[in-house]
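One structure is given here, and the rest of the page talks about it.
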Amino acid sequence: MAGRSMQAARCPTDELSLTNCAVVNEKDFQSGQHVIVRTSPNHRYTFTLKTHPSVVPGSIAFSLPQRKWAGLSIGQEIEVSLYTFDKAKQCIGTMTIEIDFLQKKSIDSNPYDTDKMAAEFIQQFNNQAFSVGQQLVFSFNEKLFGLLVKDIEAMDPSILKGEPATGKRQKIEVGLVVGNSQVAFEKAENSSLNLIGKAKTKENRQSIINPDWNFEKMGIGGLDKEFSDIFRRAFASRVFPPEIVEQMGCKHVKGILLYGPPGCGKTLLARQIGKMLNAREPKVVNGPEILNKYVGESEANIRKLFADAEEEQRRLGANSGLHIIIFDEIDAICKQRGSMAGSTGVHDTVVNQLLSKIDGVEQLNNILVIGMTNRPDLIDEALLRPGRLEVKMEIGLPDEKGRLQILHIHTARMRGHQLLSADVDIKELAVETKNFSGAELEGLVRAAQSTAMNRHIKASTKVEVDMEKAESLQVTRGDFLASLENDIKPAFGTNQEDYASYIMNGIIKWGDPVTRVLDDGELLVQQTKNSDRTPLVSVLLEGPPHSGKTALAAKIAEESNFPFIKICSPDKMIGFSETAKCQAMKKIFDDAYKSQLSCVVVDDIERLLDYVPIGPRFSNLVLQALLVLLKKAPPQGRKLLIIGTTSRKDVLQEMEMLNAFSTTIHVPNIATGEQLLEALELLGNFKDKERTTIAQQVKGKKVWIGIKKLLMLIEMSLQMDPEYRVRKFLALLREEGASPLDFD
């Protein structure tokens, strides 16, 4: 049928605007007919018609969305012709529609069921024409929504014939809605409309993980397991589409607490988590910055941190982006409530404010709070419950594999520019740097670089760089080993100076008793290393004064090659109060728990306890603390060897401390003349003739002297003229009560 010229007009009523039909007079067309409207030779639009008597004959009325879509103006001359749908090819099978609130003032966060919306849509617009790109108004639950047709697929022809579906669907530009057409609603971009139900499209969500993110390039090494655990707990639920999370009834994790020794990568990990996520830039706050001298300002600072997340959640609901807030040194503001002195209670109210913001009455589901501390024991326990900082991750000292990764990261640029010598073996350095933290490994690389650079500085009155040699600058294995020896010592490692003074004269194996002590000590070391059933092994070396107990304990510790060795000695606690002693001992043991393998030597226990026989008197507070520490098993995966020494076994027996040790080893004095002669021969201070003279006096006789006292007597007698040395030595033995004999 040839087209006829008509004039565009305004839709006569609001009710007719909601029908999505063009309105004509019944003298021109009949209701239910479909027409093509041509505004130009290349622009044609399909409409379904309704009749209304108020429309002037020769006019065709359009709603505002229809006029916008077709680019029509009131009074415009257009060509209108009847159109007939081919129902075999143009019945709509599936139609995707973008939806949003029509007016800003009607925006709310109520959920809208897309299944009910789809049924209402089919009922309202059955047997109507729809085109891709068409705009219309849709009324549902007394709300007006703006719709935009995004995509149309024709119905499978087999279904129309009453046959099983073949799955063949063709995209079409214009189609007719029928009773079994399916409608899928898609939320408009940046819309806060909350759609639920199955009749909605899967949203094209931006991946929460930055596609350019790479673990090694980010400069994190040795934290693979920790990071995978954090990802599983905190981010796995955020990677899935919201509809799946909603169906599971799953709530996102809102908080992570990273704790561990200083320099192990807590701050670095938190910073890189922010970079890893496709979220807005994280807010990084140092704990003490929150505090303010004015009343209420500290709490206001907490509220400001969460303000953006609250505003966005109100506006976008479940589709709000992720807001990350990082608290460094969180223990500064989240101490146990009631633990602070003073009447202001500022710290308590700050904790209360933070608790209510993370998981209070008005819950935020678009935040991730990351707290960092090396004192998790100080933090209020309410902050650590599920729903708040529920993921607690220890960032401990890296193992050998982790140290290898960290050293690779810090030497990568040198390797790339051929500044790292071929003799540098990163694996060797990883083995040698036991108990080094990430920061200490970085410091080791810096120290080696400075050692290498120093070789190329001219030694003259001026500081000048030898540019000729600087061109061939190389950081060598020797630079790393020199830095390891002289510059960088691990905070949680073994300081050789601690125990070197105890064995500066070596171990004198004057007889089987000494060998037996060392052999038993080696067995206990192997038990600590290899046994999974006894992660805590403790041994008490007891014996008379000056028998060399401390030296043997230090030797066993040294031979163990454990990465962490500390000596808890009373000479480091002179003048300490009982409480200070307990805290010092606790710190040594706490540090030991952070290492995979640790050895703690508790020297001269009776002195630690302030024991004196007159009274008698001792410190019960220190005794109880020591008993607890001796029996406390290390954390999972850590192993601890404790070596104690005492000269008063009887006193420890009365205090019931002997039972706290796994085993007791007796360290005797030199008891026979033969043992004394063996010690003298090993020491080599006397000549053969002098030793023969001494042997005549002591051989086959009983003596009683500690090896430490023997060394003192030998050194004293050596100060005499050679002809009087032996006589002086024998006299000193008699005076010390080492022998009942009268020596000539």
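Each residue, glycine too, has its Cβ placed from N, Cα and C.
Copied over from Swiss-Prot:
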type    : residues                                                                                                       : note
MOD_RES : Lys105                                                                                                         : N6-acetyllysine
MOD_RES : Ser207                                                                                                         : phosphoserine
MOD_RES : Tyr259                                                                                                         : phosphotyrosine
BINDING : Asn505, Gly506, Ile507, Ile508, Lys509, Trp510, Pro545, His546, Ser547, Gly548, Lys549, Thr550, Ala551, Leu552 : ATP binding site
BINDING : Thr550                                                                                                         : Mg(2+) binding site
MOD_RES : Ser569                                                                                                         : phosphoserine
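What Swiss-Prot annotates, mapped onto the structure for a quick look.
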residue: Lys105; record: N6-acetyllysine; Cβ contacts under 8 Å, 6 or more apart: none
residue: Tyr259; record: phosphotyrosine; Cβ contacts under 8 Å, 6 or more apart: Lys266, Met372, Thr373, Asn374, Arg375, Pro376, Lys392, Met393, Glu394, Ile395
residue: Asn505; record: ATP binding site; Cβ contacts under 8 Å, 6 or more apart: Ala551, Leu711
residue: Ile507; record: ATP binding site; Cβ contacts under 8 Å, 6 or more apart: Val514, Leu518, Gly548, Ala551, Leu552, Lys555
residue: Lys509; record: ATP binding site; Cβ contacts under 8 Å, 6 or more apart: Thr515, Leu518, Leu682
residue: Pro545; record: ATP binding site; Cβ contacts under 8 Å, 6 or more apart: Ser647, Gly706
residue: Ser547; record: ATP binding site; Cβ contacts under 8 Å, 6 or more apart: Val667, Pro668, Asn669, Gly706, Ile707, Lys708
residue: Lys549; record: ATP binding site; Cβ contacts under 8 Å, 6 or more apart: Leu541, Glu542, Gly543, Thr645, Thr646, Ser647, Val667
residue: Thr550; record: Mg(2+) binding site; Cβ contacts under 8 Å, 6 or more apart: Tyr502, Val601, Asp603, Asp604, Thr645
For the recorded positions listed here (Ala551, Ser569), which one has the lowest count of neighbouring CB atoms within 10 Å of its own CB?
Ser569
Using the residues the record lists for ATP (Asn505, Gly506, Ile507, Ile508, Lys509, Trp510, Pro545, His546, Ser547, Gly548, Lys549, Thr550, Ala551, Leu552), what whole-number Å value is the largest Cα to Cα distance?
18
Secondary structure at the residue listed as 'phosphotyrosine', reduced by DSSP to three states:
strand
